[in-house]
Every structure is written in structure tokens, then in C-alpha cells.
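K.L.:
Not my notes, these are from Swiss-Prot:
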type: BINDING; residues: GLY171, ASP172, ARG173, GLN174, THR175, GLY176, LYS177, THR178; note: ATP binding site
type: SITE; residues: SER387; note: site 'Required for activity'
Amino acid sequence: MVDLQPDEVAAVLKQQLAHLKTDTELEEVGTVLQVGDGVAHIYGLTKIQAGELVEFENGKKAIALNLEENSVGAVIFGDAEGIGEGSTAKRTKRIASIHVGEGMIGRVVNTLGEPIDGKGPIKGELYEMPLERKAPGVLYRQPVAEPLQTGIKAIDAMIPIGRGQRELIIGDRQTGKTTLAIDTILNQRTYFEQGNPVYCIYVAIGQKASTIASVMASLEKYGAMEYTTIVAAPAATAASLQYFAPFTGATIGEYFRDTGKPALVIYDDLSKQAVAYREVSLLLRRPPGREAYPGDVFYLHSRLLERAAKINANDDIAQQMNDLPPSLEGKVKGGGSLTALPIIETQNGDVSAYIPTNVISITDGQIFLESALFNAGIRPAINVGISVSRVGGAAQVKAMKKVAGTLKLDQAQFRELEAFSKFGSDLDVATQRTIDRGRKNQEILKQGLHHPLTLEEQVCILYASTNGYLDKISLSQVTEFEKSYLSLLKSQHKGVLAKIAAGEWSDGIAQVLAEEAKNLAQLYVNDTSINS
């Protein structure tokens, strides 16, 4: 028999005990009382927080929205398969969050930030950020001062948008709302090529999967997916995922905003999000209000849209921002921005309905698209009279301000006079001239699908239009004149175009544009007189 030395035994025991973990961890576990329609009522989670994630025994997750006296109402992310009465659910002690990073650029993700485009997992460094977060306080913001060029003449000239602004796109179905948003994303290609990208996030809420696929195909065709992320919550997904999809988009945008970069988020559309929220609220037995929406539907949209902001350029101030996620510590930079373009669908042009009026009052202006204009072939079908940008004027570049200063007023006046002229009364020469110029301006402001124009192209053509160089040419020749004029300037005056692109404006630039417009217009007038 081998002699055992006491010190050897002690050494072996010490070695074994060194790896022994005696810490006990308490898990708060509840029992599902009832489940149905994507909502689970759980008993036993007495210390749970509002908005906390709950995990079921099969790994599926839900978010606690209703904290009642004897139970918790939790909305399940996705379907409720495998969850039944008596199933266990445990607290995660984590607020709903997603993992965000630059690897998301060019990807299609779902509401939970998981890739759904079949290209494998998201690569690169990822940061955990909460879906719900307080908007930056007043101290950490600065006024909107930098333009966000949409590439759409009617918007950049009359309803300018600045970086950090919230501008509503509102109109009936099939009036070109999504097209307007997609064209804005396509126009950011210029900045991407210059090395100063505006990162775009397109959030599709409650749309057909085929529509989302079509949007993605358009973005890929024009090379816009290189700086764009799509968050997809199609019509077939659960109401809970449609409700949270805009918050996912805002969180991705906030990552770029807080790291000092410009971002643009498009919510297409918030009407469907409100419907999804109404469904969730009614299933949770919350008392319905106007149009059966819950009482806090205004707060739903205000807390989402307030997250769009232009952040103070001072790094030290930006780093003290309220509610910064711990994962971004040491990475926060000032000067970033998040611009929001929410979309709202109206019924028969009724902008005074509940959800439209709510969102109009939250945003910094609205672009109203009209069915009558769209059907008349005026596209984009923007009603200039009731469209407005409350803060974007401060961000408009000098050259655009100079050429389009009175355009909005002139077009509103033209619409009024045109309506009056339909009564058939004799019009004086001045009124006829105003109507004629208004029609030509209207023709100039028309734009083709997925055909955004650069700043310098817009300034040049609007200068010719607003200064009367199109007065003598016929309405049918306006589009042809525009193409010829821009082609001429690109071939013979590249230096002038470069100055306008940099935001410069001078009498010398105006003189070059005036001479070329006058000479070209004369050719069209002579051509018309010869043919007649």
C-alpha cells in the first residue's frame, strides 16, 4: 500500500477547490398564464422593469409592456409557437437592445438587428445600443445649419431640408412618397464618392415583401446600398416587430450620429406603425381613445422623432450627452446629425385626421403630395401651398437662396391665378404673364423617376427659369431647353459649375448663366418662327 503524505493530500484538495464556484445566482422565473395573438400574460415576475426583455424556456423573447398587479403583459417578438399555458419565462435584466456597427452598411436586417439577406452574419465590431433611448437634451444640440441635398428641384429650392431636421412626407397612396425618399437616398451617392457619406437607413414598416425587394433592387442598381441599411418589418411579421422597427432604424442612425457622422433615416410609413401599436395596445387591454388608438400614440411618435438631431460640434460637450450607451464610451464625437424623413399615408387627402395632425405638429415641416397633381402628370406631385420647411431655410446654400428666393411664393400665386382663370374671364397682360411663367416653372420643377440632380444643375436651370429666360419659348420646348442648357454648361463652363457646387455665388457667375440662357433661348425662338 502506497503511503499517503498528509501535505500531498492537502495540496490536491486545495487544487481541486481552487476551481470550485460557490456563487449562487438567483433567477426570477414566472409562469405563463395565458398566451394568444402575440401577447403573453406572465405570473410571478414581481420585480421586472418596464421595457425589459423576458426569455421563454424555448429561447424566444418578449418585451414587458404592461406591469399589472398580479401579472405582466409581454409582447412576443415573432410567433408564439412553443409557448403555452404553464411555460416558464425568466427575467433577463436587460432592456430591449440591438447590436449596431458599420458592418450593417449594405445589409438588410429585421427589427432585432439580425441579417435577413442571406449574406451571413454581420461582420466587424458591434456595439450594444438600446432600442428605446431619451432624445439628446437642448444643451447637446445645435441649430440646423447644413443642407441635406435631396436632388429634387422642388424640395431643394422651395422646401429645403437641413441635416438634423425632421421633415414629414405626407400624401395619399400612390402619390410618390416612397419614390421621393428613395431619390433622396440616391442623391447621397455624390457625398459617398467624395468621401463624406451620409449614412442612410430605410425602415420598411408593414409593406409587401415584394415592395421591399423592389426598393432594394433600385438602391443596388444605382450603387446606393454601399452607404444604406434596410430595416424590414413586412406585412407578414408580427405587430410587435412592426411597432419596434422604427426604433431599430433610429438606433442604427444614432450610432452614426453619436460617432460624429451624418445619417438619414426614412420611416416608411408611420401610419402602419401606429396601426401595429394600436393592435398591440388593444391586445394588452389598454383603454382605446380616438379612432381606437391608445392615449399615448402621440408620445409614440414624438419620442421617436425627437431622436433626430444635429449634435453640438464640441467633442467635450457631446461626450457628456444624456443617456449615452456604455458601449460607446470613448467613441463619441461632436458634429454628427440624424435627419428623419417620416412618411404618413392619408385617406382622400385628409391631413386633419388624428395621426397626420399628430406627426405634423411634431416635425419641422411637411411635404404634401397631392393625387390630383400626380394624375395630371406633375411629378413630384408637391402642393407648394401647404408644404413648408420651418428650419431648413437657414441651411440653404447661398446660390440656391439667390435663384429660388421668391419661387415658392410665385408658384403659390400662380396656382391661385390659374384656378381663377378657369372661370373664363378676360385676364390682363400681367396676369397672363404670371400664369405663363408659372406653367413654365412648373414644367421645370418636374423630374423623372430616380433622376436626382446635383446642386449646381438645379441652381443653373432655376436661374434661367426665375429670371424670365424661358418666357419666349413654348411650353413644349421647356424640357428640351433644360437638357440642352445643362449639357452646354457642362461642356463649356466646368469652372463655373464647380464654384456653384461649392456654394459660391457672384455677379460673374450670374452673367455667364444669363448669357448662355439668353443665347440658347433665342435659338429656340428662331427655330419656332422658322417652323411656323
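Cβ coordinates come from backbone N, Cα and C, glycine included.
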K.L.:
Neighbourhood of the ATP site (GLY171, ASP172, ARG173, GLN174, THR175, GLY176, LYS177, THR178): other residues with Cβ within 8 Å of the Cβ centroid, in order?
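P.N.:
Apart from the listed residues, the neighbours are GLU345, LEU369, SER371, PHE374.
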K.L.:
Using all protein chains in view, find how many other C-beta atoms are within 10 Å of the C-beta of GLY176 (ATP binding site).
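P.N.:
So the Cβ neighbour count for GLY176 (ATP binding site) comes to 19.
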K.L.:
When you measure from the Cβ of THR178 (ATP binding site), how many other Cβ atoms are you left with inside 10 Å?
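P.N.:
Taking every protein chain into account, the count is 21.
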K.L.:
Work out how many Å separate GLY176 (ATP binding site) and SER387 (site 'Required for activity') at their Cα atoms, rounded off.
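P.N.:
Between the Cα atoms of GLY176 (ATP binding site) and SER387 (site 'Required for activity'), the distance comes to 15 Å.
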K.L.:
Just name the most isolated of the recorded positions GLN174, SER387, going by other Cβ atoms within 10 Å of its Cβ.
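P.N.:
Per-residue Cβ counts within 10 Å for the recorded positions GLN174, SER387 bottom out at GLN174.
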K.L.:
Enter the number of other CB atoms within 10 angstroms of the CB of LYS177 (ATP binding site).
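P.N.:
Neighbour count, Cβ to Cβ under the 10 Å cut-off: 25.
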K.L.:
GLY171 (ATP binding site) has how many other Cβ neighbours within 10 Å of its own Cβ?
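P.N.:
GLY171 (ATP binding site): 28 neighbouring Cβ atoms within 10 Å.
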K.L.:
Return the count of C-beta atoms lying within 10 angstroms of the C-beta of THR175 (ATP binding site), excluding that atom itself.
P.N.:
26
K.L.:
Among the binding-site residues listed here, ASP172, ARG173, whose Cβ has the fewest other Cβ atoms inside 10 Å?
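P.N.:
Checked ASP172, ARG173; of these binding-site residues, fewest Cβ neighbours within 10 Å: ARG173.
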